[in-house]
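Going by TrEMBL, these are the annotated features:
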- 10, 11, 12, 13, 14, 15, 116: ATP binding site (BINDING)
- 14: Mg(2+) binding site (BINDING)
- 32, 56, 78, 135: substrate binding site (BINDING)
Ligand SMILES: Nc1ncnc2c1ncn2[C@@H]1O[C@H](COP(=O)(O)OP(=O)(O)OP(=O)(O)O)[C@@H](O)[C@H]1O
Ligand SMILES: O=C(O)C1=C[C@@H](O)[C@@H](O)[C@H](O)C1
Ligand SMILES: [Mg+2]
């Protein structure tokens, strides 16, 4: 069983992915964490030092490795779908869920964030609109399902995804009952 979450920065891939993995008792892997372990520094520092393309090369290697072992819940970096090779790896080896959020929702969640290098600009909302326009079609190409994240809480999103995974036959029926009530 392998599920990958894709979506823009702040869509909830890490937050939802971690809770989903706990609920289903599957391993949770955040591809950004794997990359940071490999490069030995923060992604933000690596962007500044080596540039985005070098980061994307490391990201592609990590995604290919994850696809080869495809297990558990993987939350991907926001730009993981930019390369076609990554979109194919993800689509072919995972059940991919696109957590779709509007630029306005993302801006509300991330306006105080300083960790996401692509948003450290004068007009982060404008930047989110650009990222959304460029990437929404790519997330849809990679994905098997789309989940709207605007209103539901993280806990509600986990319930929605568990239901979708059951309907898609990715997990057996009965996984839906929430042990926390
Ligand atoms: N549905 C939601 N409702 C309210 N807050 C949320 C929701 N989803 C995520 N958040 C909050 O928004 C912030 C960003 O979420 P998260 O780090 O999971 O995003 P991400 O998709 O992993 O981003 P990145 O691509 O940059 O890694 C976190 O503080 C998280 O708790
Ligand atoms: O949206 C992006 O391009 C990125 C999102 C983050 O998850 C990191 O993977 C990195 O900061 C790049
Ligand atoms: Mg994340």
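Using the three backbone atoms N, Cα and C, a Cβ is placed for every residue, glycine included.
Computed from a predicted structure; not experimentally measured.
Shown on the structure are the features that TrEMBL records.
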residue	record	DSSP class
10	ATP binding site	coil
15	ATP binding site	helix
32	substrate binding site	helix
56	substrate binding site	helix
78	substrate binding site	coil
116	ATP binding site	coil
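Ranked by Cα separation from residue 56 (substrate binding site), the binding-site residues 10, 12, 15, 116 are led by 116. For the pair formed by residue 78 (substrate binding site) and residue 116 (ATP binding site), distance between Cα atoms is given as 10 Å, rounded to the nearest Å.
Among the binding-site residues 10, 13, 14, 15, 116, 135, the ones whose Cβ sits under 6 Å from an atom of ligand 3 are, in sequence order, 13, 14. Fewest Cβ neighbours within 10 Å among the binding-site residues 12, 78: this applies to 78.
Counting other CB atoms no more than 10 Å from each candidate's CB, the binding-site residues 11, 15 peak at 11. With a cut-off of under 6 Å between the Cβ and any atom of ligand 2, the binding-site residues 10, 11, 32, 78 reduce to 32, 78.
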